[in-house]
Amino acid sequence: MLPDGVTLHDGFLDAVAQIALVGALRTVAAVAPPRRMEAPNGRRMSVAMTSAGRVGWVTDRKGYRYEPRQMNGAPWPPIPAEALAIWRAVSGWDSDPDCLLLNHYAEGAKMGLHRDADEGEFAAPVVSVSLGDPARFRIGGLARRDSTKSFELRSGDVLVMGGASRLIWHGVDRIRYGVSPLLARGGRLNLTMRVVAG
Ligand code: MD3
Ligand code: FE
């Protein structure tokens, strides 16, 4: 059983759609290369991240925030049409996201338990798409100390986090590196689409 507001579309993307989406994300990464950014505590994240859209999510010693430009001053690339089509199919939200956050997990990368609370519109859901190697995803409750459970996210799965679950704690314990043939260098891509401006 998933918490209220969480919808897992198991195997939403077939192999052909996954390959097309990876191709579109390669274009994003060419314009805005994923970086392992510094958290406010000074530790570098193991996940390499980049963005597309009006704003991108960044972190450094100063904190977490959304910025209209990359570190080099260039704007973020547009959100690919293939990703917008997924948002329009599953989000139930009547406008498009203004940020796509792209996470790359190389062998050994993980993401600690956190909440996504830097956005300006918590009524809108977050839509996540998993590509490549499977991940052990951990999900808790609205309070940090709430009990957690975990399940596997596989290539082609689409997860919608909305309503009562929009601000729950979640993270990625580990990936099972080398399982999926989708990405040439292995690893996992996760993209999340968000509404940052209200
Ligand atoms: C639950 N990414 O980028 S996606 C993130 O697999 C993030 O890369 C993970 O957490 C990943 O912030 C998990 C699933 C997900 C995305 C957004 C959420 C779960 C969420 C927002 C609220 C609650
Ligand atoms: Fe998150």
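Positions of Cβ are set from backbone N, Cα and C atoms, glycine also.
Caution: TrEMBL annotation is automatic and unverified by curators.
Note that the coordinates shown come from a computational prediction; the quantities given were computed from them, not determined experimentally.
Here TrEMBL has H114, D116 binding Fe cation, and the candidate from H9, H170 in that same listed site is H170.
TrEMBL names W57, Y64, R65, Y66, R144 for binding substrate. Of D94, D118, D157, the residue it gives for the same site is D118. Sorted by the number of other CB atoms within 10 A, the binding-site residues W57, Y64, Y66, Y105 start with Y64, the lowest.
Taking W57, D116, M193 as the candidate binding-site residues, the subset whose CB lies under 6 angstroms from any atom of ligand 2 consists of D116.
When the binding-site residues Y105, H114, H170, L191, M193 are compared by Cα distance to Y66 (substrate binding site), the shortest distance belongs to M193. Sequence-distant contacts (6 or more apart, same chain, Cβ under 8 Å) of N103 (2-oxoglutarate binding site) comprise P34, V47, A48, M49, M111, L189, N190, L191, T192. In the vicinity of ligand 1, defined as a Cβ distance under 6 Å, the following of the binding-site residues W57, R65, Y66, Y105, D116, H170 are placed: D116, H170.
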